[in-house]
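Peer 1: One structure is given below, represented as structure tokens, and several questions about it will come after.
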Protein chains: 2
Amino acid sequence: MTEFIPPGTRFFDLPSPFPMKRGGALHGARVAFETWGTLNAARDNAILIVTGLSPDAHAASNHGNPEPGWWEPMLGPGKPIDSDRWFVICVNSLGSCKGSTGPASLNPDTGALYRLDFPDLSVEDGADAAAHVVRGLGIAQLACMIGNSMGGMTALALLARHPGLARTHINISGAARALPFSIAIRSLQREAIRLDPDWNHGRYDDERYPESGMRMARKLGVITYRSALEWDGRFGRVRLESDRRDDEDPFGLEFEVESYLEGHARRFVRRFDPNCYLYLSRSMDWFDIGDYCTARSGDSEGNTRAGLASIRVDKALAIGVHTDILFPPQQQEEIADGLRASGADAQFLPLPSPQGHDAFLVDIGRFGPAVAAFLAGL
Amino acid sequence: MTEFIPPGTRFFDLPSPFPMKRGGALHGARVAFETWGTLNAARDNAILIVTGLSPDAHAASNHGNPEPGWWEPMLGPGKPIDSDRWFVICVNSLGSCKGSTGPASLNPDTGALYRLDFPDLSVEDGADAAAHVVRGLGIAQLACMIGNSMGGMTALALLARHPGLARTHINISGAARALPFSIAIRSLQREAIRLDPDWNHGRYDDERYPESGMRMARKLGVITYRSALEWDGRFGRVRLESDRRDDEDPFGLEFEVESYLEGHARRFVRRFDPNCYLYLSRSMDWFDIGDYCTARSGDSEGNTRAGLASIRVDKALAIGVHTDILFPPQQQEEIADGLRASGADAQFLPLPSPQGHDAFLVDIGRFGPAVAAFLAGL
């Protein structure tokens, strides 16, 4: 599979070897990133954004790439993350297929793609890689570390493993540990890919590609990224016009919501590498900030609290949405409570967005002011 | 595929032809059922139970079959549905593979299995078939009509199409119409089965059987039948012991919750016919009590209210659970409100069960007293 790298992407070479948390090391690995705004003379106006599973580093339009990014209304001059004031960095996750080294990259030891020879990937590896980028850009301390979804995990890992690298933190629809409902959903997504005969134990190509498995995985993702409440209002029981239906297929698409899922799946399937998907998905299951508490016990919630309490930031904001079933708002509340216990001025902000886990991407009307107010107070 | 018929099952022959709502007719079709208790001389102590997608008619142990049934703690002498007082009938849904005629049955016109030649199946066809059983047993009016999950739809269809056939109604985790989140989940389950090459457009057999597709469908079902809250307490992040893991498989089972899903899937896969699953699943998507309002408009909620208001029962109880994401409690509240608008003494009872949609099967501590109190008041 090819990688999917937006024009204007920049690259940072990681130290070689780059050791991986669960064992093994990468050689000649790199991290894709983009920036917005200007680093000031004091080098104290930098913000790092770490992302969910699928986005690239192109969070918004910039000089290198005028195309709109995945967080376009949130980031830019005069926007909630204001690039007139802040120097903003967004990194593509290590293990992704959008410029950073991952299972779809060439393995320099063999000259072939890594595929399943890529070492076990942890959220922590992505955090360490991002920390290298920050320091490599000459930044000793970030003004703020922002993480969305999986990036909320990456941000906590970075804060725990690199004390002092960020003064403040915004955690958006993130989690301090993976819980069984989310693990179950992700496990089923991975199973859909692995069951596709064309996955072929990771040895697919463009001709023979696990399209059905990726489509299933993406549809299940979209179901859990949005919410029943939003869909009731948006789709109800509306059916497709007869010219958009295949009457020969007795179980074919009939309702608008089925067509919506199909459209999402089609747009995703050939634009994300299946092996990268498997690795990033599994890394989330493994994540537990409780691994960073000093005296781990059988009390999982206690470990989580203790792990969070080991993090030192001045100020933090954890934002969640009541319709999010994948990273439910109790998890952001847990993050705010844990960081407060460590002495941070930490707030939990529940938002009444109907859009579920994806609300931070689309409900800028609610998320924008919340992020802007936090950053304005720094 | 063979059918799966518990010992002691009784059969009722439907009129032949038996017309189907969406067109076509069945010839020589039958409905499997079981009974508990004794019909009194006045023939006014009968209760009918209609089920969710997968159960057979063996709701509890009885003379014909001493094995425990799927609602064993709820039904029997001295139990919440007390067979010392009531004559209880449970029918296997038309279209199922557990004794009633369905896609896995022989088509008398061809001598071969129906498979995809079975006509379109509606929830209403199951309701009409159940009404024939009731009348065939010499019962002009049921004391109570009880429906769970899909059976909650079947019960409403029966009440709307057979006025006067029941004096009262208990709707448990049911719905007056399918909403897009549930349609999306079921659509994905069907897609998993249909994508399995061994489904072979419905022409599988025991040797070549869509096991992977059925396993995926069942796992997704179990995820949506239970709740994140329950699983947090039950599984947390507990991992399998190393002797239950396959270290050769880089994405194999690791967490207890994954093993739980696998176990559920294995127990289901060869015990339910895939084509029957597809037909019953699709029938739920199609169901909308709004079809029974006299002046259908573009206002879907209004149609639902008007459809429910066309039903005549003296008394009704709709029970829901706040952790149910598949048939959320707003849907049972909608049923109670609609039946009250038609003049029924109708109550909505939300229960704080952590077990989600499946709570009625396992949280007998809460559901038992609720059902018992309603029936005691008749």
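Every residue gets a Cβ built from N, Cα and C, even glycine.
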Peer 1: Which one of A:52-55, A:60-63, A:280-283, A:288-291 shows up in TrEMBL as region 'Important for substrate specificity'?
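Peer 2: When A:52-55, A:60-63, A:280-283, A:288-291 are checked in TrEMBL, region 'Important for substrate specificity' belongs to A:52-55.
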Peer 1: Cα-Cα separation of A:Asp324 (active site) and A:Arg186 (site 'Important for acyl-CoA specificity'), in Å?
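Peer 2: That separation, Cα to Cα, works out to 15 Å.
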Peer 1: Grab the same-chain neighbours of the region 'Important for substrate specificity' (A:52-55) for me: Cβ-Cβ under 8 Å, and only residues 6 or more beyond its ends, written as numbers and ranges.
Peer 2: 70, 92-93, 96, 98, 148-151, 268, 272, 277, 280-281, 284
Peer 1: If you average the pLDDT over the domain 'AB hydrolase-1' (A:63-360), what number do you get?
Peer 2: 95
Peer 1: Tell me, if you would, which residue among A:Asp324, A:Asp358 (recorded positions) has the fewest other CB atoms within 10 Å in the structure shown?
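Peer 2: Among the recorded positions A:Asp324, A:Asp358, the lowest count of other Cβ atoms within 10 Å belongs to A:Asp358.
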Peer 1: Suppose we draw a 10 Å sphere around the Cβ of A:Ser149 (active site, nucleophile). How many other Cβ atoms does it contain, all chains included?
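Peer 2: A count of 27.
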Peer 1: Given the recorded positions A:Ser149, A:Arg186, A:Arg218, which one's Cα is the least distant from that of A:His357 (active site)?
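Peer 2: Checking each of A:Ser149, A:Arg186, A:Arg218 against A:His357 (active site), the shortest Cα distance is to A:Ser149.
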Peer 1: Using a Cβ-Cβ cut-off under 8 angstroms and a sequence gap of six or more, which residues of the chain neighbour A:Arg218 (substrate binding site)?
Peer 2: A:His264, A:Ala265, A:Phe268, A:Val269
Peer 1: To the nearest whole angstrom, what is the C-alpha distance linking A:Asp358 (substrate binding site) and A:Ser149 (active site, nucleophile)?
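Peer 2: It is 9 Å, counting Cα to Cα.
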